[in-house]
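Everything on this sheet refers to the single structure shown next.
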Amino acid sequence: MITLSKSQEEVFKKLAVELSMSKLIEACNKSVDFSSLNSNEQLDVLKVTNAFYRSAEQIINDSTYDAFLSEFSTYNPDHPYLLTVEPEVLADSKTVPLPKKMLSTDKAYSFEEIKKWIDRLLKAAIEVGVSESEIQIKVTPKLDGYAAYDDGISLYTRGDGARGQDITRAFNKGLQVANNGDRGLGPGEIVIKKSYFDTVLSDKFENSRNIQAAIIAEKKVDESIQKAIDVGACVFFPFLSLENWIGHYTEILVDFESIVEKMWSAVDYDIDGVVLEVTNETLKEHMGATRHHHRWQIAFKVNAESAEVKVLNVTPQTSRTGRVTPVAELEPTKLSGATISRATVHHYNMVKTNGVGPGAIVQLVRSGLVIPKIEKVIKAVEPQLAKECPSCGTHLIWESDHLVCPNKTDCPAQTENTLVHFFKTLGNNDGFGPKVIEKLHEFGIKKIHEIYELKQESFVSFGFGDKTAQNLVEQLQVSRDVEIEDWRFLAAFGVSRLAGGNCEKLLQHHSLDSLFEATVEDLVQLDGFAQVSADAIVEGLANIKEEFLKLSALNFNLTITPKASEKSPGETPVFGKIIVFTGAMTQGSRGDMEKQAKALGAKVAKSVTGKTSLLVTGDKVGANKINAARDKGVQVLSELDYLALISTY
């Protein structure tokens, strides 16, 4: 039952909202449905609960606030409260302009919303001629601390995003930058290590926000908080210094949950989601921002429920790469409408250091992610470590935080997961999931090319029905006939450090066949490939070469990645230019002309902007479109004039 403390009552009175205190309490206790309140009452609930949160007097959890906010935005999508940074309620001291605006972050609560955001990125990339191969996404933990900006001289609160309060006194109290970092790295958050809070301060403080508020307050801090500052448990963590994952946008689409899980476990601080942002500066500039948030960035948040659960057993599972993942078998527990009986532990070093084994009590969280997650260990026991691969029985070895099966050739789990990965990455077929692959492996199928050699009667002899067997044979043909990119075909082989984005980069400089002759020295000369990656890629390519050649002989319908121009800027008249093709072309398809332009070093966009260099017009192009382009300073050429321009290249 939620009630207001005296300090919360004081905050409530200062806000002078029309909402009654009793109705606020009813809404927070959910004894009255938030949706039954009128818009003004809903807004007051949001204002008050936000004020409590920012004053270290949190009255409802984040997921409840987000649910209220979502309900309000459904019927008031253009309300100013939603279009600006949520107001900060801190003491009555004066505000000063921030060195740089600190906007809020747009939020997503499902994978579908993330996919829509990526669609917007792709559309924007076309508009400014950014190649899909250049669209990299950075993912970082979304810290749940106190937002601030450090310009190297002063520290400021976020305030309303444009003006904040000077809280440099926090550094004067001894607050350090995380990881002994430098001052002046811009936006970040004041946070406290979860492990320190849980073991040292949780008995004295209800939550870490109380401590963060004390650090920025004008008065002297409590002795226990000062100690936390002195030992580096309380820090200012610049976003630039955060652990991060960077990869091609297609990897987000294929492996979203595991990337989120990795970032969720990357820091020893409270987090309430992950932040995704595009790294291409041209794309960032083009997408811009609203008054509330940057369009090139989004936070994936989860409305989570948790429970304390007993561990019954820790079961090892071997992945495609040989890493063995620990899975905690749990006492069946109802959480977020589902009965949970197992959850993945990030890696075996976590099992070892946190004491996860039979009898351990863990805090289990289930949220918008399908996969339940162990948030922390409440009661540690003797850790249960695997000694042998559960699939092939090979003795496991340690590689950093992971236990690994070194049996790369005869481990059933590695073989089956490799086969599944191939068909999943191609993405142009249906039917070859884990169960089908497992059955094929039982009958001795270990290589991808062996699957393509199977006839309908072979599938029937393995126990598949006639219709299923016929469908599988048809799907194998479909996977060869339906056009796919050559970089996606290469990525399907699962070479370490060679996911979709890196595959496309390499194929801009090497053909599929010549790539296998590339040396480590060749790769490190290319932008984005360090020594460690190059070593792993060259070794991985050597390992798959025989299998690759057998599959290549099956004549998959591959779209060839255009090669990066080897000509200098002076050798081609369109090098570096942004070109838009419009109208019906008579000398070839528009697609062919776009590919040719890219091969000559140009960037191709779909619509004219102020950054467009050249508009090439075919038949049936309106005068208004041509005049609008010229008004923007864009050069306009007919199809024939353009072909004459590039005719010697």
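In case you wondered, yes, glycine gets a Cβ from its N, Cα and C as well.
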Site-mate of C389, C392, C405 for Zn(2+) in Swiss-Prot, selected among C411, C503: C411
Same-site residue for NAD(+) (record: Swiss-Prot; known: D62, S63, T64, Y65, D66, S104, T105, R158, K301; options: E26, E189, E261): E189
Euclidean distance between Cα atoms of K142 (active site, N6-AMP-lysine intermediate) and C392 (Zn(2+) binding site), Å: 39
Near-site residues: Zn(2+), ref C389, C392, C405, C411, CB cutoff 8 A to centroid: T318, G322, P390, S391, G393, T394, P406, N407, D410, P412, A413, Q414
Pairwise Cα distance for D66 (NAD(+) binding site)/K142 (active site, N6-AMP-lysine intermediate) [Å, integer]: 15
Inter-residue C-alpha distance, C405 (Zn(2+) binding site) and K142 (active site, N6-AMP-lysine intermediate) (nearest angstrom): 33
Cα proximity to T105 (NAD(+) binding site), best match among recorded positions K142, C389, C411: K142
Pairwise CA distance, T64 (NAD(+) binding site) versus C411 (Zn(2+) binding site), rounded so that it is a whole Å: 46
Rounded Cα separation (Å) that holds between E189 (NAD(+) binding site) and K142 (active site, N6-AMP-lysine intermediate): 10
Assigned conformation of T105 (NAD(+) binding site) - DSSP reduced to three states: coil
DSSP-derived class (H/G/I helix, E/B strand, else coil) of E189 (NAD(+) binding site): strand
